[in-house]
Amino acid sequence: MTNFIEKQNFLFSENEDDNETLLKKKKKDESKKTTKFGFSWKVLKQMARLYKIIFSGSKARFWINLFLIIGLISFSIVEEIIGYFIGKIPSKFYLNLLEHNESGFNGLIKNYFVLVILISVVKTIESLFQDCIGFFWRFIVTQDMHKKLFSQKIYYRLIYFDKRIDNPDQRIGQDIPEWVTITGKFLKTVLSVPGIIIYYSYKSYYVIGFTGLASFYLLFLVSFFITKIFMSPVVNLTFQLQVLEGNFRYLHVLVRKNIEQINFFRGIKSEKRSVDKEIKEITKKKVQITKRHIPLNLNTTLFAYFSTIVSYIVIGILVFNNKMKDQDNLAKLGSTISLCSFYFIEIAFGFTQFFDLSASIADMFSHTVRIVQMYDVIEDLSTDKERSNEQDQDGIAKFSSTESSSTEDDPNLTIPLLNSSSKINEMRKIDELSELSDEIQYMDVKETKENEIEYTKVMVGEQSVDFLNVDCYTPDNHLFAKKLKFSVAKPNQSLLITGSSGTGKTSIIRILGGLWKGRNGIIRRPKISTKTMMILCQEPYLPISSLRDQITYPKVFSTQLSGIQLEEQENEVEKILRLVGLRHLIDQKINSGKCETVSEVLQGFWDLNKSLSPGEKQRISLGRIIYHKPRFAILDESTSALETDTEKKIYLLLRKIGITIISIGHRDSLDEFHDQKLILQRNGNWRLEKIENFNEEF
C-alpha cells in the first residue's frame, strides 16, 4: 500500500480541484495554499463562539456555569490571599531570628501550619470547581454537537460526501475534551494571574520604585514577543498532528473491523506496512513540533531564572546606593529584602504561568479550529436546501460532479479521486461493517478440558481440499458439524456449501483458513497464498490504496519496475477491470478531463468504499482472483450482489483460468456451477450430494 500522506499541504487545501491537479505528474509544480492556524483574532472569535454555546440555552445551564466560574474565581482569590500571608512569613522569620525573638518565632510556626492547612483545603476545593467546569462544559458542547450532527442525515452526508473535514469522531471524542481541559486551566490563569501581577507590582513599587519595576517588565515584554513569534507555527503543526493521529487511529479501526478477511488474504504484512508508514509520519510531525518547542521552552526557562537574578540586581543597586528602606537596621533590612524577593517571585510566577500556557494555547487553538470547523460544515450541510431536496427513490441524497454516488448499472458513475493525505478520512463509514460470521446454531456438548481435546491434524501443501471426519466446533466449544467429510481434488471438481442461516457455513471456511481449530480427523489443503488458495468474503475488504493496488491486494503494485514492465502490469490490471465490468471507472475519469492517461487513473487514490455499489465492490474482489490465479478460490457469497448473468460470466471465466471453486451461498443459480453440494443442517448434521443440474460447460 502506498503512502497515503505525502504532504501535509494537501490537508489544508482550499480548492478541492487542486488536490486532483497535484496528483498529475505534469502539474506537480502547481503550488497550493495552506491554511495557517495561529494566534489571531479569528481564533479568538471562534473561541467566543464555543463559549456562547456553553452559556446559552436554559437558565439552569447559565446559573450553573455562573456558579462554577464564581466559585473558581472566589477560591482562587482566597488561595492568593492565604498565599500572600504565607509568603510574608519568611521575612518575619528573618526579623525574629536576627532580633533573637523566640516567642515571635514560635508564633510564626503556629501561624504557618494553620495557613498551610487552610490553603490545602482551598486548593482542593478550587480543583474540584475546575474539574466540574471541565466535564460540564464537555457535556454541553458534545451534546450540542450531537444535536446538530444526528439530524437530517447530516452525519451521512458528512461522512460520505463532504470532504472539508477529517475524522469527525476524533473531533468529538478527543478534540472537545482536550479543549475543555486546556480551557479550564486557561480560564483559571487568565482570571487570577493578572490580579496577582498587578497587586504585587503595586507592593513592589513602594519598595524598589519605578525604575526597578520597569526593568522587570522590560524582561517580560522581550519574552512575550519571543513567545508570540514561535507560538504560531506550533499551533499550525499541532493542527496537522491531530489530523495524522486521527488517520492513524482510523487505520487501526479499519484493520480491526476487517481482520478476518485480512487473515484470509494473508495480507497482514501489507497492513503492517501501512500502519508503519503512518506512525513514521506522526513521528516526523512530532519531531517538527518538538523542534518548535525548543525556543518556547528555552524562553520560559530563561525568564524563570533571569527574573530571580534581576530582582536581586535591582535590590543590590538600591542597597549599594543607600536607597533601600530600613537600611540602617540590619534585621529590618534582611526582612525587607526577603519580602521584596517574595514580591518579585510572585510577579515572575505570574508571568511564568502565562509563558507555560504558550504550549497549551497552541493546543487549545488547534482544538478550537477543529471543533468550529466541524460546526461550520454541519451548519452548512443543514442549511443546504439543494442537497436536502435532491433525493432518490430510496431517500439517499444524490450529488453531482465528484460527489455522485455510483450505482452498479450507471456507466457514467463518478468516483472522487482523492489526494493521498485525505483518503483515510474520506473512506470513513457511519455504520459498522456487517459481521461476516453466521449466528451459529449448534448442538449442546459437554464442556471439555483443554488437555482432553484432540485437534484436527492439518496437512498443508496438498493439491486438494479434504475434510476427513472433522468435528467442527466454535471457539467457545459448541459443535455445528459432526464428522464432516468432503473432498475437492480434481481441477474440474467444485463444491457448493449451503444451508439455512446460522448453520455454520462461514465457520467451516474459518476452520479451513486456519482461523479456528477443528477437532479429530484430518484436513488436507494447499497453503493459503495468492498462488494456491484465496478466500473471498461477501463484504469485500477495500484497503486504503490506489485503484491498481485494490486489484493486486495483498500484493503492493511495484513502482520500481522498468517502464516496459510497469506498463505491462498496468495493462494487465486494466484488462481485469474490463473483464469484471469496471472499465467505466477508468473511462469516466479520462472523459471528464481529470486524468489524461490510464496510468494516472490507476495511480490515483479512490473513495471506493463510499462510491462503489456492493456489486462493484464484489467485482473488485473477484478481480483479485483473476489477477493472482490461485489453484483454489473459496467464494463466501462473493457474487451475492451480482446479477445472475454477470455471476455466470464470472464463474465461467474462473473455470477457464483453471481455478477450482468452493462456494458458499443460498442462490439456486449457483447449482449449475458446481458438481457437488454440502448441505449443513441443525444440531451438527449435514449431507453431501451430487448436483444433478450441474452444467458440464463448467
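Keep in mind that glycine also has a Cβ here, set from the backbone N, Cα and C atoms.
All annotation found in TrEMBL is predicted automatically rather than curated by experts.
According to TrEMBL, the protein carries these features:
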{"type": "TRANSMEM", "residues": "62-86", "note": "transmembrane segment"}
{"type": "DOMAIN", "residues": "66-363", "note": "domain 'ABC transmembrane type-1'"}
{"type": "TRANSMEM", "residues": "112-140", "note": "transmembrane segment"}
{"type": "TRANSMEM", "residues": "205-226", "note": "transmembrane segment"}
{"type": "TRANSMEM", "residues": "302-321", "note": "transmembrane segment"}
{"type": "TRANSMEM", "residues": "333-355", "note": "transmembrane segment"}
{"type": "REGION", "residues": "385-412", "note": "region 'Disordered'"}
{"type": "DOMAIN", "residues": "465-698", "note": "domain 'ABC transporter'"}
Other parts of the chain folded back onto the transmembrane segment (112-140), taken as Cβ under 8 Å at six or more residues beyond its ends:
53-54, 57, 61, 64-65, 68-69, 71-72, 75-76, 78-79, 82-83, 85-86, 89, 176-177, 180-181, 183-185, 187-188
Model confidence over the domain 'ABC transporter' (465-698), averaged pLDDT
87
Do any residues, 6 or more residues outside the transmembrane segment (302-321), come within under 8 Å Cβ-to-Cβ of it, and if so which ones?
208-209, 211-212, 215-216, 219-220, 223, 327, 333, 337, 340-341, 344-345, 347-348, 351-352, 355
Long-range Cβ neighbours of the transmembrane segment (205-226) (under 8 Å; 6 or more residues past either end):
295, 299-300, 302-303, 306-307, 310-311, 314-315, 317-318, 323, 325, 336, 339-340, 343-344, 347-348, 351, 354-355
